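Notes for the one structure printed next.
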Amino acid sequence: MEFPFDVDALFPERITVLDQHLRPPARRPGTTTPARVDLQQQIMTIIDELGKASAKAQNLSAPITSASRMQSNRHVVYILKDSSGRPAGKGAIIGFIKVGYKKLFVLDDREAHNEVEPLCILDFYIHESVQRHGHGRELFQYMLQKERVEPHQLAIDRPSQKLLKFLNKHYNLETTVPQVNNFVIFEGFFAHQHPPARKLPPKRAEGDIKPYSSSDREFLKVAVEPPWPLNRAPRRATPPAHPPPRSSSLGNSPERGPLRPFVPEQELLRSLRLCPPHPTARLLLAADPGGSPAQRRRTR
Ligand code: ACO
């Protein structure tokens, strides 16, 4: 991916790490330094173009990575450049990976809810002309080292088929733990309960965490799936050919693969009837319809 300005001078290192401040890295000694504002504008252009290319590669209706989204989130983007064979040129960008910590509710093997804040893979793209050349792995590996995480500690925001194959091939990640949100986690996620996949204190105010709205891809949604547990998908040992395993999560966007069909109304009602009533509801059903004031207060 080439740009009308000197990418090689802008990013002296092969991999550049940028946070929400989008600060231009220090330049190599001897290179002319344009105004800082111009450098930042160049960085913003690169991020916007990478975001667009990634969205196109994933069939998304809009980019999930842009300079303005970077500035308003605490995400980190790792950008891989290519300066080989272009000593007289301006260099090129090979791809990027965007990561960030997110508060999530995730289910463990016993289907218990856990509040965690893992590092999430939010967007990942290598230019089409150089995919399957090992660049993705180089970038991913660098990110793992810098963030000090193991691959099984990550949560992945609706991985594409290519990414699932990539994770399987390079990191042996295969068996997923079924979830009800957009994120995919793999077996071993709960094996080490040390940061960064830290369990949060058990008691938190309701509404503090919005587990179903924390995906970066949420804004792409045009339809809503039925609520848990009607949208549960079985655990898959290997990534299926079709559709992508994002079907195990809530809020899949149609842009990146077909939504699972809505549960027909009759089936929905049958499932609801099968759900045992909550103990409090049982108490209320058994009680006088008026109930005591204390009871009414508890109910509220
Ligand atoms: N089909 C199937 N598997 C693929 C493909 C493909 N077209 N491309 C890469 N892979 C997987 C395979 O396991 C492959 O190994 P193989 O060639 O032996 O089969 C392995 O990745 C290659 O590893 P790298 O060369 O290190 O990976 P690459 O540089 O291609 O980067 C990436 C991987 C980022 C997934 C890249 O293919 C890409 O940009 N794809 C399009 C965008 C995309 O799907 N991004 C992920 C979105 S989901 C998210 O970001 C959370």
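Keep in mind that glycine also has a Cβ here, set from the backbone N, Cα and C atoms.
Positions annotated as domain 'N-acetyltransferase' by TrEMBL: 1-190. The feature N6-acetyllysine is assigned by TrEMBL to Lys56, Lys146. The site 'Crucial for catalytic activity' annotation in TrEMBL covers Gln58. What TrEMBL records for 124-137, 160-169 is acetyl-CoA binding site. Feature annotation from TrEMBL assigns region 'Disordered' to 229-263.
Within the set of recorded positions Val130, His133, Gly136, Lys146, Gln161, the entry lying nearest in space to Gln58 (site 'Crucial for catalytic activity') is Gln161 (CA atoms). Checking the recorded positions Lys56, Phe124, Val130, Gly136, Lys146, Leu164 against ligand 1 with a 6 Å cutoff on the Cβ atom leaves Phe124, Gly136, in sequence order. For the recorded site, Gln58 (site 'Crucial for catalytic activity'), the DSSP three-state label reads coil. Around His133 (acetyl-CoA binding site), the same-chain residues six or more apart in sequence whose CB sits under 8 Å from its CB are Ile126, listed in sequence order. With a cut-off of 8 Å between CB atoms and residues at least 6 apart in sequence, the same chain places Met1, Ala53, Ile93, Ile94, Gly95 near His127 (acetyl-CoA binding site), listed in sequence order. When other Cβ atoms within 10 Å of the Cβ of Gln161 (acetyl-CoA binding site) are tallied across all protein chains shown, the result is 16. Cα of Val130 (acetyl-CoA binding site) to Cα of Lys56 (N6-acetyllysine): a distance of 16 Å.
Leu164 (acetyl-CoA binding site) carries a helical DSSP state (H, G or I). The Cβ of Val130 has fewer other Cβ atoms within 10 Å than any other of the binding-site residues Val130, Leu164, Leu167. Under the three-state DSSP scheme, His127 (acetyl-CoA binding site) falls in the coil class. Gln161 (acetyl-CoA binding site) is 15 Å away from Lys56 (N6-acetyllysine) when you measure Cα to Cα. If you take the Cα of Leu164 (acetyl-CoA binding site) and the Cα of Lys146 (N6-acetyllysine), they are about 22 angstrom apart, rounded to a whole number.
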